[in-house]
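According to TrEMBL, the protein has these features:
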- 21-38: transmembrane segment (TRANSMEM)
- 25-485: domain 'Major facilitator superfamily (MFS) profile' (DOMAIN)
- 84-107: transmembrane segment (TRANSMEM)
- 114-136: transmembrane segment (TRANSMEM)
- 142-170: transmembrane segment (TRANSMEM)
- 182-201: transmembrane segment (TRANSMEM)
- 207-228: transmembrane segment (TRANSMEM)
- 247-276: region 'Disordered' (REGION)
- 254-272: compositional bias 'Polar residues' (COMPBIAS)
- 296-317: transmembrane segment (TRANSMEM)
- 361-378: transmembrane segment (TRANSMEM)
- 390-415: transmembrane segment (TRANSMEM)
- 427-449: transmembrane segment (TRANSMEM)
- 461-481: transmembrane segment (TRANSMEM)
Amino acid sequence: MRAALAPGVRLLRALPRDSRYRGLTLVLTFLSYTSYHLSRKPISIVKSQLHPNCSALGPNPHNDSNSTTWCSWAPFDGDNYKELFGALDNAFLVAYAIGMFISGIFGERLPLRYYLSGGMVLSGLFTALFGLGYFWDIHVLWYFIVVQACNGLVQTTGWPAVVACVGNWFGKGKRGLIMGIWNSHTSVGNILGSLIAGAWVSSAWGLSFVVPGIIITTVGIICFFFLVEYPEDVDCSPPLHHVMTTSEKDPEAVTSNEGPLSLSAQSSVDHSNSPKEPAEELEAISFLGALRIPGVVEFSLCLLFAKLVSYTFLYWLPLYIVNVAHFGAKEAGDLSTLFDVGGILGGIFAGLISDYTGGRATTCCVMLVVAAPMLFLYNHVGQNGIGTSIAMLIICGALVNGPYALITTAVSADLGTHESLKGNAKALSTVTAIIDGTGSIGAALGPLLAGLISPTGWNNVFYMLIAADVLACLLLARVVVKEARGWCGPMARQRGY
């Protein structure tokens, strides 16, 4: 007697073919970028083990020195260990920012599946090499800096590739909400990376890097075997980027990247949606061509300042909580994760609102405007009590990371399939790389500026963050005006003007 078909298989068979492949793409790309962030997190966990408080462990068992750093890992056992840790961080961030500008160009000209899988395998290799320094007893600073810089370069393969894959499968109408939820991979990766690295940090810190390196390599191999780049490759229907018909009631039928479409645009059909015109027949867009797409420059510069604020919180928030609220290091670290929780909520909220209104830039601008006074309030009253601190951290995380998440996901995908490209889908990776690469410059500058300004007082650090938020908002002013005009046009026609 044969058993009934498994419930999960019955569910999959009940789903339309397109939905099955879209779901597979979402899951694989989510796991991919989760593993990227999982492999980036160990360095922040292991720092405390590379230069611990040796006096708390008792006398030096070697009896060859009275040094209070006998348990530290050279070359991080000197008084300049903070500067050396900063050098490790900047080696990764600067290499990442530089590499991102060229990564998207390669991504458009190579199969995304090969590019993403190869990048993940290389990322796993360099992540593991950092940890192997423990087992090989390496104490040369340049080894760790070179490995970090190489890791920063190869990790640039991730973001343009996963955004391009998701953008190829999902149309504009629900893209903001879907990508807002999907973008939680960043926080999931950070949390998992902290837990995995923490499991071995005290016993053998090298495993805190080797194990994440194995994980990202494994996920990369899985993507190589199962990832589908384009719907046309498996005879699925391509998404509706700019197909406009009067019978459509979905929001994507009445809005475009910069507000409602004109009547002429509503009658046009994006020929890239026809399987008869495969994407391979079109040439990949050039770097300068991507810059000419309306909105790319504005959103790129906006992300520079938005990411500056976000990464400053990422690297300095635990220390700020320790210094101002006088919590212990563990409690401060746990409390700082609430900023990431707020970021998840902010990304989902920003995507949902921008889908409903059709105004990506306006959504970002409003959140940035509100974020500035909230940052001021958090600095002045956010540490008055644990309840206040929790609430303020979640609110600030939502307002700071909401625009950041929206720009790096839905906005990048929108601009990579902009109607000015006339159906050329081979721009997603380049556009995403330009936007995130520009933002990564801010990610490198923010923690650096905070380190230089913090000795003058935390108030000045927050003034710098508020100024960056205001500049990010101002840089979107032109796109916001275009969206407003797009909304006003149909309203005027309805009133008979």
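Going from the start of the chain as shown, residues are counted 1 onward.
Using the three backbone atoms N, Cα and C, a Cβ is placed for every residue, glycine included.
With a cut-off of 8 Å between Cβ atoms, the residues of this chain six or more beyond the transmembrane segment (361-378) that come close are 258, 295, 298-299, 302, 306, 309, 346, 350, 353-354, 392-393, 395-396, 398-400, 402-403, 406-407, 411, 462, 465-466, 469-470, 472-473, 476-477, 479-480, 482-484. In this chain, the transmembrane segment (296-317) does not touch the transmembrane segment (207-228); fewer than three CB pairs sit within less than 8 A of each other, excluding pairs fewer than 6 residues apart. Here the transmembrane segment (84-107) has Cβ contacts under 8 Å with residues 40, 43, 47, 50-51, 75-76, 78, 115, 141, 144-146, 148-157, 159-161, 164, 284, 287, 290, 315, 429-434, 436-437, 440-441, 443-444, 447-448, 451 of the same chain, all six or more residues outside its ends. Relative to the transmembrane segment (182-201), the listed stretch 390-415 leads the set 296-317, 390-415, 461-481 in CB pairs under 8 A. Between the transmembrane segment (427-449) and the listed ranges 21-38, 296-317, 390-415, 461-481, the one holding the most Cβ pairs under 8 Å is 296-317. The transmembrane segment (21-38) makes no contact with the transmembrane segment (461-481): fewer than 3 of their CB pairs lie within 8 A, with pairs spaced 6 or more apart in sequence.
If you look at the transmembrane segment (114-136), the same-chain residues 6 or more away from its ends with a CB under 8 A from one of its CBs are 32, 35-36, 39, 42-43, 73, 106-107, 143-144, 147-148, 150-151, 154-158, 161-162, 165, 204-210, 212-221, 223-224, 227. Panel annotation: around the transmembrane segment (461-481), residues 258, 295, 298-299, 301-306, 308-309, 312, 316, 320, 359, 361-362, 364-365, 368-369, 371-372, 375-376, 378-379, 400, 403, 442, 446, 449-450, 453-454 of the same chain, lying at least six beyond its termini, place a Cβ under 8 Å from a Cβ of the stretch.
Averaged over the domain 'Major facilitator superfamily (MFS) profile' (25-485), the predicted model reaches a pLDDT of 81.
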